[in-house]
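Engineer: Below you'll find the structure I mean.
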């Protein structure tokens with residue numbers, strides 16, 4: 001088995017890259033791919049860059065070049081559900097674009113043509129992540145994660161996302177693009193992210209301050225998943 005892992009930013013993949021043995025590094029376009037062994041498991045680790053297009057380019061390269069059997073998306077997210085705090089873990093049941101709208105042609109909000117209304121995460125991976133979070137005594141929630149090419153800082157954008165997707169737990173900028181690529185390639189995926197901010201008016205300051213904590217928390221979760229796959 002080969003495990004694929006995707007993070008957008010250097011801080012979100014560095015801990016795992018540092019643990020990798022027999023490491024081979026490939027730079028393609030704006031993406032960096034690390035291949036090697038982590039705790040005796042074959043891993044392909046991608047730093048994709050930020051945003052949906054970068055994530056889709058990177059995920060496609062990862063799946064074509066490295067042929068992983070599954071993909072875990074790691075990193076940080078803005079927590080918008082009640083009860084989520086900085087450092088808590090969110091696990092995707094499903095993902096959707098909050099900035100896609102083809103409803104004029106009868107599609108659901110967030111749905112693109114030829115795609116499902118929402119991209120479903122692999123249930124076995126979801127359950128494994130949830131089990132590990134509980135074992136690590138992490139605060140964890142599973143549910144809907146919404147993606148778009150905007151850093152959400154409260155106000156009208158956040159209100160609109162909540163109106164369109166009342167069950168949304170967290171917002172970020174890559175997960176659904178990765179999910180769409182995995183769906184196209186029929187590769188199981190799950191999103192495991194740690195909360196860095198609350199998507200409100202203080203989000204940018206909170207993100208800068210708490211990104212290292214979120215990256216550490218999500219990477220620790222993924223490392224434990226590697227050990228249990």
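Using the three backbone atoms N, Cα and C, a Cβ is placed for every residue, glycine included.
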Engineer: Among 38, 132, 145, 152, which residue does Swiss-Prot name as a further substrate binder in the site formed by 78, 173, 174?
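Structural biologist: Within the candidate list, Swiss-Prot flags 152.
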Engineer: Where residue 12 (active site, proton acceptor) and residue 78 (substrate binding site) are concerned, what is their Cα separation in Å, rounded?
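Structural biologist: Just about 15 Å between their Cα atoms.
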Engineer: Tell me, which binding-site residues from 78, 173, 174 are within 10 Å of residue 197 (active site, proton donor) if we use the C-alpha atoms?
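Structural biologist: Within 10 Å Cα-Cα: 78.
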Engineer: Would you count the other C-beta atoms found within 10 angstroms of the C-beta of residue 197 (active site, proton donor) for me?
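Structural biologist: The answer is 26.
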Engineer: For substrate, with binders 78, 152, 173, 174, what's the maximum Cα separation in whole Å?
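Structural biologist: The widest Cα-Cα gap among those binding residues is 13 Å.
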